[in-house]
Structures are given as C-alpha cells and as structure tokens.
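Trainee: Below you'll find the structure I mean.
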Ligand code: FPP
C-alpha cells in the first residue's frame, strides 16, 4: 500500500511529496466529510457563469477521491446537494442534477479500477429520474468493491434526517419494537441514514465559510473541523493532505482529558 502510494506520487509536484511525508499512514481518519463550497465564487472571479464552477468542482471530485483512497481513508462523504439547494434558480438546480450523468460515465472505470464503492446518502424522492438512474447505476456497478466508499450526500439535510429518524423511532415505540428506555446514542445513530458508516473523524469545508450548513449534524458531534479559504474547484491534493496532517496533530479527547 505505502509503496504503491509513494511510487504513484513520486512524479508529483514538490508540495504533494512534502505533505505526504507529514502523514502517518496508521493514523489516517476513517471517514472524511467535505462541504464542497465556493464553486459559484470561483466562477464569478473568472467572469464565468456559476454553473461553470459546479462543472469544475465536479472534476475535482475524482482527484480528491483518489488521494483519499491512496492514503487509506475508508469513507469520503461529499456534500453534493442539500435539501435547501432546491431554492436556487431552476437552471442551476437542473445543471447540478445533470452532473451525475456526466460524472459517472466519465469516471466510473477509473473508480472501479481503484476498488471505489459508490453510495448515496439523502432522499431519492424528489430527484429527477435521470439523476437517480446515473447514481443507482454507479452504486450497482461498484457494489462489490471493497475500497473507499465514495458517499454522495445528495438531496440531504441533517435536520430532515433527524426528524425522519425520530418519526421512525416513535413508530417503533408504538409498535413495541423499541422501548423508550432503550434509546441511547447508539440506538439513535441506528436511525440515521449513515447508520452503517463510522461518524466522520474530519470535516473539511472549502471557501472560507465557517458554517456546518445542515451537514451530518448528529454525526459530526466529535469530528475535527478544518477550513480553508480555497474554493472547491481549486482545492488540491496538497491541501487535502495538509488537512489530514493537521487532523493527526490534534488531540481528540471526546470530552475526556
Ligand atoms: C456549493 O458551492 C456547491 C454545491 C451546492 C454543489 C457541489 C457539487 C459539486 C462540486 C459536484 C458534485 C458532483 C457530482 C457527481 C454529484 P456554491 O455554489 O454555494 O458556491 P458559492 O458559495 O461560491 O456560491
């Protein structure tokens, strides 16, 4: 694993090599979640329409996925579309909804070669048929892969997830499947859409905004947060490795000493 990694990155730019040396491969976060922010501003800065930023952002997804896979991250959750993003102009929403049918045909072979498994966290209801078809096809084709899980948060909102979870819990209490006294943090987690995934160890947000924007609210209770001014389309492997290195320097105490 390490040899493959070093071999593959030997030809890379100096900063990536330097950052790679800072990473302790036995302390890599299992789950990294990313809020890919700043596509619109990146485009505006270049005199381009906002959707050009989303397109460029889409192209960055594979690069960072490969970097995460190579250092041994197990789950990478990317915030691709929130339940609030429907409020954007129709043309922008339509463009975002069409990205999966461009992304997967373009990248799926390489993702498969690298043993990446695709999954989705969010509500299928409300997504156009063609979006679902593209993502479901990728999920199906990669379902036996055992490497990194590339989890797209699509039509996802943390509060909606918690409310849906609480509704399900109440139904289970009414049907006798759950006793009120049995409810603890583990049981609550089992009602979240990510019940089979570890909680994120590290949350990265690009573009300089210091907000959570309704992302994995229950799951990030103890996550380390890392922010960068870089807009998502310009977020590099080097910055990703810097985030990992800083995560490794922090002492996680989970409320203890
Ligand atoms: C936030 O930037 C970004 C999004 C709402 C979309 C992110 C989606 C991608 C990068 C592509 C995902 C790829 C696939 C295959 C689904 P913003 O538009 O809010 O930026 P701004 O704050 O500068 O306006």
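If you go along the chain as it appears here, the first residue is 1 and each next one adds 1.
From the backbone N, Cα and C atoms, a Cβ is placed for every residue, glycine too.
Got these off TrEMBL a minute ago, pasting:
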BINDING   37, 224  Mg(2+) binding site
ACT_SITE  37  active site
BINDING   38-42, 50, 54, 82-84, 86, 88, 205, 211-213  substrate binding site
ACT_SITE  85  active site, proton acceptor
Trainee: Measuring Cα to Cα, tell me the gap between residue 54 (substrate binding site) and residue 224 (Mg(2+) binding site) in whole angstrom.
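Mentor: About 26 Å separates the two Cα atoms.
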Trainee: Mind telling me which of the binding-site residues 42, 86 has the densest Cβ neighbourhood, counting other Cβ atoms within 10 Å?
Mentor: 42
Trainee: Rounded to the nearest Å, what's the C-alpha distance separating residue 37 (Mg(2+) binding site) and residue 86 (substrate binding site)? Just drop the number here, would you?
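Mentor: Roughly 16 Å, rounded to the nearest whole number.
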Trainee: Of the binding-site residues 83, 86, 205, 212, 224, which ones put their CB under 6 Å from ligand 1?
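Mentor: Among the binding-site residues listed, not one has its Cβ under 6 Å from ligand 1.
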Trainee: Of the binding-site residues 38, 205, 224, which sits closest to residue 85 (active site, proton acceptor) by Cα distance?
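Mentor: Minimum Cα distance from residue 85 (active site, proton acceptor) across 38, 205, 224 lands on 38.
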Trainee: Relative to the Cβ of residue 83 (substrate binding site), which residues of the same chain, six or more apart in sequence, are found under 8 Å away?
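Mentor: Long-range Cβ contacts: 122, 123, 155, 156, 157, 160, 214.
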Trainee: Which residues, sitting 6 or more apart from residue 224 (Mg(2+) binding site) on the same chain, put a CB under 8 Å from its CB?
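Mentor: Long-range Cβ contacts: 29, 201, 202, 203, 247, 250, 252.
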Trainee: Which has the fewest other Cβ atoms within 10 Å: 38, 40, the binding-site residues listed?
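Mentor: Counting other Cβ atoms within 10 Å of each of the binding-site residues 38, 40, the minimum falls on 40.
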Trainee: When you measure from the Cβ of residue 37 (Mg(2+) binding site), how many other Cβ atoms are you left with inside 10 Å?
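Mentor: So the Cβ neighbour count for residue 37 (Mg(2+) binding site) comes to 24.
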Trainee: Quick one: give me the count of other CB atoms within 10 A of the CB of residue 54 (substrate binding site).
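Mentor: By my count, 23.
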